[in-house]
């Protein structure tokens, strides 16, 4: 079990999400780039086939060069302890086959949209020299937005070396197989176009054009039977749409679309009103369904040449017509005399000898006297050493070798010669070889400190197509390039180089939590942990208890750069009500022991400004006195007064805080 393991100490296998005859597909986590990926792991029985593995690696690596929005990106290819795997873009969604089974036949507009994206992807692959070879709905994904993602380029190519009868899961491909593939021939771009036609047939009808009980019976239908009319199952299909299917599925590749790009252009105009009355697509009557097409073998090893998609003998035997005439035995010749046979033998030998001598006289002797001119061979795209050997063998002298840049010829191979191929020269003539140093390279500049959008625009103008951004927090403004690969000064080929920029996301930000109700200490601890600063203000509140946060700025949920200051307001509790003044008249009585005697008296009061320890006023009475006193009473408190005459309390009382009004009591 791979689940839970790490491949290459990088891809942690999470769960199995699919599988087939060739491989199992797992959901995995790229722990370096922190993203979900799909990892396709080859089955062990394929992993033990050395030739298969070589082809798988070669073709899968070629598929990594594809960069198209509707092709699943291949991130990595590797092997670990006999486990061969491909790391791909993880697409959330379903296969087109699952979608067809649930919703087909699809509305024409939706089917055309899917085919537009699909043919665009295949056209891109063809432009890069890659043929899919196994186009079928099972190898086409639909993401959550309904967009197409084509997959299995590498494995589909590798599968062309195995038989489709190996497993039931591989058997499904036969429904989408082109006639030339069924015969064991080389799959070409037009083979993919045929398969595209089958997929489109299935989208608009909800069924396959050919079906049968065995792979051989289905193949024979692909070879011999006319493509059924999609309109027989879905009369609502416009003729222009049916024509696209019929043309793509022509038995003879000659009558199919010249390229997937042309099929794509036809799909885009299928609903054009000008095509409303389009005539049905037909092929000239040349007995296409039964004519014999020679098998084109793959230029591979003898062992691979013996492998075919279907047992050719079975197909050939099944395809023979029942009324083939048998050869009649020839009559047995009568024996001739021994002498006559010997005479004929001697005569034939003599004539043969004369012929040989004659030919020698006409060919060898002139060559000895007048050496033949030499035709410059075409050594374009050959290895340099191989070209030198071939030219030298013809008696030509390598006069000079000039290195040139070339976008199509690999480094180290010959671009052209001077004189050019096909020209006639004398033996010993000098030849200049122009050797490729590969595509034009440029010195990669430094973009560190530049704005990312400006750098990307400049690179695209130079021909760079693969530009990746990785974000990182920093004190640099958002969008500023912090790091780059390739490095400044590296020699690179624009359309073969992936540029990776590390781009500033600006200072790291913190998403503020709701601090309402926190104590001041809790707030200060939180701010310190998040790398922020704090400013505290205090306000009275009737609703929030004293010491707790009333509000914050910025608000909860907003993002704040680290190092920035946030403001919190902390409650002082309810705001106190103001003191009130109460005026009261207090009488200090004159009560002498003897008439005319001076009496000592004191008046004490307690309010916001006085207390009972010190007399408010002292008297030497010869008569009673009425004192008007203003009491300043705080909210919720009570004022007091006391009158003492000759050390005897004569009067005392309390004055409460007045709820309404004040002043006069």
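Positions of Cβ are set from backbone N, Cα and C atoms, glycine also.
Features reported for this protein in TrEMBL:
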type: DOMAIN; residues: 11-271; note: domain 'Protein kinase'
type: BINDING; residues: 40; note: ATP binding site
type: REGION; residues: 303-337; note: region 'Disordered'
type: COMPBIAS; residues: 311-327; note: compositional bias 'Basic and acidic residues'
type: COMPBIAS; residues: 328-337; note: compositional bias 'Basic residues'
type: TRANSMEM; residues: 343-365; note: transmembrane segment
type: DOMAIN; residues: 370-437; note: domain 'PASTA'
type: DOMAIN; residues: 438-505; note: domain 'PASTA'
type: DOMAIN; residues: 506-572; note: domain 'PASTA'
Provide the three-state DSSP residue tally for the domain 'PASTA' (506-572): helix first, then strand, then coil.
10 helix, 27 strand, 30 coil
Tally of DSSP helical, extended and coil residues in the domain 'PASTA' (438-505):
14 helix, 25 strand, 29 coil
In the domain 'PASTA' (370-437), how many residues does DSSP put in helix, strand and coil?
10 helix, 26 strand, 32 coil
